[in-house]
Amino acid sequence: MMKVLVVVALLVTLISYSSSEGIDDLEADELLSLMANEQTRAKACTPRFYDCSHDRHSCCRSELFKDVCTCFYPEGGDNEVCTCQQPKHLKYMEKAAGKAKKFGGKIKKWFG
């Protein structure tokens, strides 16, 4: 078991080292130009409950998570309908994160 942990730690170290070298090789100008290209490539996202059948990866983000394009067949219909929706488990996680953030603010007031 100890050998497995040592091998895993070694692999993680090697991967992080190799990825940091790749970033260091980029010059600042190249990095800025890459970021500028990424911003111009971005397109408008599809709001929640709107049709996303044209591009299933275009759904907007909520506070923490990206909405998912969900497709279904309405009752008695033959046409597939796709809309951007937030899965319930992510909705509950966002609510919990909001409550934790609010509670953290109260604790900060009490002891801050």
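Any Cβ shown, glycine's included, is placed from N, Cα and C.
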Legend entry - As recorded in Swiss-Prot, which of Cys45, Cys82, Cys84 forms the disulphide with Cys60: Cys45
Inset, instruction - Pick out which of Cys69, Cys82 Swiss-Prot lists as the disulfide partner of Cys71. - result: Cys82
